[in-house]
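Visitor: Next up is a structure, given as structure tokens.
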Amino acid sequence: MTPFWKLSAAGFAATGIAYGPARIGFGLFLSEFRSAFGLSTQAAGLVSGAGFASLFFGLLVAQRMTARLGPRLPVVAGLCAAALGMAIVASAPGVVALTLGVCLAMSSTGFAWTPFNEAVQRRLPDGARPAALSAVSTGTALGIAAAGAAALLASLYGVSWRLCWALFAAAGALTALANLRALREAAGPRASPRAWRWRAFAAPPARPLFAVALSLGVTSAIYISFAADRIARSGGLEGLPPSAAPGVVYGIFGLFGLLGVFTGRARTSAGLARLLHLLLLGSAVSLALVTATPASWAGVALSAGLQGVHVMMTSAVLAFWSERLFPGQPARGFTAALLAYALGSVAGPILAGAAAQQLGEVPMFLGAAAVSLGTAAALRPAWIRERAAQRAAGPGAG
């Protein structure tokens, strides 16, 4: 197998586990956890908050591990954490064990993606990197679709949620072993590491990157947190019980998100600025459809599909855009972008929940759509530059 396909396949599988069941599993199976452990809404929020805190921790630790030890160790460590965490959830006797498992599983989200920017830059020529990084990021779509299918089966056929999580854990362990082999040539630190300062990432050419990442975090987290619940409480979809709505939404979201593998080609054909504007417009339409057609199969499918394409393609853009803006420190640059994304992911649902309580759900979703539209309006093509930051934020900058 060529280095391109080896890294692409390994990264696809790693992000599928880390950003699929390890990251969204708690919210996807929240109703089952409520029944099994008597979780209140407040307790569920605390568990989820602890999981997001572990994501932040994973991002920061993975960046340091990658710089000192190379990309192989943080990826494998993250996947081992995912497997162990999901196994703990599968056998959890109470809330404490559940929380520990969720935190371990969600920490893999920080560990198992950003190091691939370093591995891809080491092993592949410049022209092949966008396609490889697009494949890596699109693994999240398959992971989300698989998790959605598991939740749908659990709802329709009475499959135990514990069995679902045990299967997730087994998949995580196998993926860890595969990445241990696939990343053998990418082990070890750089021969001549460059000493960059974090404030170098505030250079003007990098600001659009972080604005897009923050916007993606806010809007996608609001969609993932509240869209399926609105659909279920609006009566669900014809022919299915309301409890099946989350599985359907996540399944469609993930399947359409597989189109993210073509992000590199789309950027080549349309240009980065136009691609970003189209994706942000799709996000706005997706959020608006949740308010307009929550009980329509066509409306829900279009909404989830557009959101899946937006999340996966924009994630792929963040991967190769940061790699080109910061060629000396690709993992650190991508980590900075994902920290902006994670900040939006935490802030978005909190602000949206407060808005929904005061104004209602329709203004909440329309406000989220306005975030996407506002980001698109603020992104002037002249400001979007793929490579200029390597001069403004070079070694020792700041």
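Cβ coordinates are placed from backbone N, Cα and C, and glycine is handled just like the others.
Whatever TrEMBL says is automated annotation, not expert-curated.
Quick paste from TrEMBL:
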TRANSMEM  43-61  transmembrane segment
TRANSMEM  73-90  transmembrane segment
TRANSMEM  96-116  transmembrane segment
TRANSMEM  128-153  transmembrane segment
TRANSMEM  159-180  transmembrane segment
TRANSMEM  201-224  transmembrane segment
TRANSMEM  244-263  transmembrane segment
TRANSMEM  275-292  transmembrane segment
TRANSMEM  298-321  transmembrane segment
TRANSMEM  333-356  transmembrane segment
TRANSMEM  362-383  transmembrane segment
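Quick one: where do these features end up spatially?
Guide: With a threshold of 8 Å between CB atoms, the same-chain residues lying at least 6 positions outside the transmembrane segment (128-153) that come near it are 4, 7-9, 11-21, 24-25, 28-29, 113, 116-117, 120-121, 159, 164, 167-168, 244, 246-265, 267-268, 308, 311-312, 315-316, 318-320, 323.
Cβ atoms under 8 Å from those of the transmembrane segment (201-224) belong to residues 24, 27, 276, 280, 283, 286-287, 290, 307, 310-311, 314-315, 317-318, 321-322, 325-326, 332-333, 336-338, 340-349, 351-352, 364-365, 368-369, 371-372, 375, 378-379, 383-385, 388-389, 392-393, 397-398 of the same chain, restricted to positions at least 6 beyond its ends.
Within the chain carrying the transmembrane segment (275-292), a Cβ under 8 angstroms from the stretch's Cβ atoms is held by residues 212, 215, 219-220, 222-223, 227, 230-231, 263, 266-267, 299-300, 302-304, 306-307, 309-310, 313-314, 317, 361-362, 365-366, 368-370, 372-373, 375-376, 379, 384, all 6 or more beyond its ends.
Counting same-chain residues at least six beyond the ends of the transmembrane segment (298-321), those with a Cβ under 8 angstroms from any Cβ of the stretch are 113, 116-117, 129-130, 133-134, 136-138, 140-141, 144, 209, 212-213, 216, 219-220, 223, 227, 231, 237, 248-250, 252-260, 263-264, 266-267, 272, 275-276, 279-280, 282-283, 285-287, 289-290, 292, 334, 337-338, 341, 386.
For the transmembrane segment (333-356), the list of distant contacts is 49, 52, 55-56, 59-60, 62-63, 110, 113-114, 117, 198, 201, 206, 209-210, 213-222, 225-226, 318-319, 321-323, 325-326, 363-364, 367-368: same-chain residues at least six beyond its ends, Cβ to Cβ under 8 Å.
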Visitor: Which one of these stretches, 43-61, 96-116, 159-180, 244-263, 362-383, has the most C-beta pairs shorter than 8 Å to the transmembrane segment (73-90)?
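Guide: Most Cβ pairs under 8 Å with the transmembrane segment (73-90) come from 96-116.
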